[in-house]
Structure formats: structure tokens, C-alpha cells
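*Asks:* Below you will find the structure I want to go over with you.
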């Protein structure tokens with residue numbers, strides 16, 4: 001998917017002076033090249049404005065947390081996102097603050113190449129009524145409260161009982177989110193082009209429940225079983241809802257996903273190596289040996 005860079009909407013991390021200053025520099029840079037640009041400080045409580053909905057690209061200035069927050073607001077808009085990293089890890093926000101002019105020059109000259117990403121929709125049903133729902137770009141996590149107690153969950157796929165789980169929690173992650181909380185809990189790395197999602201238990205107790213990958217077309221069901229524990233569901237590590245025994249959490253692939261701008265010279269595998277997810281003891285960047 002290829003697009004021309006004509007209009008840019010810039011979203012900055014909240015209360016971040018460096019992001020605001022960089023956004024002003026970017027606006028001037030784009031204006032000098034005949035590219036329309038507008039700026040907004042990230043506001044999670046509101047929808048993206050009309051300018052963003054008609055933009056060629058949404059630039060996000062911040063870390064991966066800001067990138068996730070803006071990504072949820074952009075699900076289904078058909079407008080690609082590109083992050084400029086002002087945080088620590090920067091797996092989602094790929095462009096460095098020092099290298100933005102070089103990256104954007106190439107995009108202005110060559111246009112945008114976009115990749116599609118899957119998002120998750122989840123809903124909490126209580127006594128047959130939906131009491132909470134949301135969208136996640138990275139993950140939906142069920143976890144315990146302030147006390148160090150395992151939580152009791154009943155799991156199912158497409159209406160078929162899978163098994164019960166006693167654990168500190170459970171992570172349902174998209175391919176995009178596979179490099180986040182899920183990989184720390186022993187979950188699989190999943191290429192972002194795949195239309196699947198992963199289920200990863202957090203410290204399962206006396207249970208041989210291994211991480212698994214489900215097709216995006218499947219429905220994953222989590223029943224909160226009786227127990228003394230507090231249980232919460234959190235989307236992308238940013239919004240939380242308290243659950244009760246008997247609640248049913250249903251997770252499916254969202255009807256529409258989102259788009260990310262592909263950065264020239266940055267592949268999924270180069271990012272895995274650069275961020276330490278994959279180690280290369282023989283020397284970074286060596287070619288794969290040719291088959292004989």
C-alpha cells in the first residue's frame with residue numbers, strides 16, 4: 001500500500017516540552033516543502049479531529065506508550081501512523097528524534113509504504129449485559145489486584161471449553177503487542193503481518209498451560225471463576241476495569257485494524273536485534289549462509 005505525503009497531523013506526548021518544540025520545528029519543515037501540517041497534544045478522552053481523519057499520515061511524538069494511545073484512537077481510520085521516539089524502548093516509535101529530517105525527506109520524496117496491523121476488541125458481560133468494552137492495539141491483560149493471590153479463570157475458544165487456569169494473570173496479545181508484556185511472560189514473538197493473536201499465562205500455578213496462538217477469526221472466552229481474589233482487565237496497560245466472579249470476557253479480532261508507516265531500512269527483524277529481543281553472538285548483520 002503506497003501513498004503520497006500531502007497532509008500531516010502531528011500528535012505530541014502530553015505535557016512534554018521537548019515534544020512540543022519538535023512539533024513546531026516539524027511544522028515549519030513541512031510548510032517549507034508545501035506539505036500541510038497541524039499539531040495536537042494527545043488527548044485520550046476525545047476522538048481525533050477531522051484534519052487527522054483526512055491526513056496522509058499521523059506523526060506521533062513520544063514513546064511507545066503515546067504511540068499506543070494514539071493508535072487506539074486511529075483504529076479504523078485508514079490513516080497510517082509513524083512514531084518519533086522520545087521514550088526508552090521505541091519498538092513502535094521507530095524514528096529517532098535526531099534522525100527525523102532524514103526519514104521524512106525520504107518519505108516526502110518517495111511516498112509512504114504502509115503495513116496493516118490487527119487490533120483486538122474485548123467485551124465484559126455481566127449477567128447477560130455488556131458492562132465494559134474496548135479496543136487494544138497491544139494486549140488485553142487479566143490480572144490480580146493488590147494482594148499476591150492467583151486468579152481463577154475458565155477458558156474457551158469459539159464456545160468450546162479449553163480448560164481452567166490458576167495464575168497471576170493472562171495476556172491476550174496482538175502481533176504488535178507480542179514484543180511487550182507477553183514476551184516477558186514467555187509468550188511467542190509473532191510477525192506483525194500475521195492475522196493471529198497469542199494467549200500467554202502469567203506464572204501459571206500447577207498448570208501445564210503453554211502459550212498458544214489463535215487464528216484472528218477465533219473468539220476467545222475467559223470466565224472469572226469464584227475465588228477470594230480481585231481481578232481486573234487492562235487494555236494496552238493504560239485503561240483498567242474491575243471484574244467480578246461470573247463475568248465473561250470475550251476477545252475477538254476488531255472489525256477494522258490500523259496502519260503503520262514502514263520506515264526504509266527498518267524491518268521487523270532488524271528491530272528485534274536492535275532492541276535486544278534476538279541476540280546475534282556471531283556479529284550483527286551477517287548474511288545467511290547460502291545453501292549448497
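For all residues, glycine too, the Cβ spot is worked out from N, Cα and C.
Predicted, not measured: the structure shown is a model, and the values here were computed from it.
As annotated in Swiss-Prot:
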- 64: active site, proton acceptor (ACT_SITE)
- 64, 65, 138, 139, 149, 166, 168, 179, 180, 181, 182, 183, 184, 238: NAD(+) binding site (BINDING)
*Asks:* Non-local Cβ contacts of residue 64 (active site, proton acceptor) (under 8 Å, 6 or more apart, same chain)?
*Replies:* 83, 85, 87, 89, 90, 91, 92, 93, 180
*Asks:* Could you tell me which three-state DSSP class residue 138 (NAD(+) binding site) falls into?
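*Replies:* Assignment for residue 138 (NAD(+) binding site) reads coil.
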*Asks:* For the binding-site residues 149, 168, 182, 184, work out the Cβ neighbour count at 10 Å and name the residue with the minimum.
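*Replies:* Across 149, 168, 182, 184, these binding-site residues, the one with fewest Cβ atoms within 10 Å is 184.
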*Asks:* Which residues of the same chain, at least 6 positions away in sequence, have a Cβ lying under 8 Å from the Cβ of residue 138 (NAD(+) binding site)?
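*Replies:* In sequence order, 68, 173, 174, 176, 177, 180, 181, 236, 237 meet the Cβ cut-off.
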*Asks:* Taking the Cβ of residue 180 (NAD(+) binding site) as the centre, count every other Cβ atom within 10 Å, in any protein chain shown.
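*Replies:* Counting Cβ neighbours of residue 180 (NAD(+) binding site) within 10 Å gives 23.
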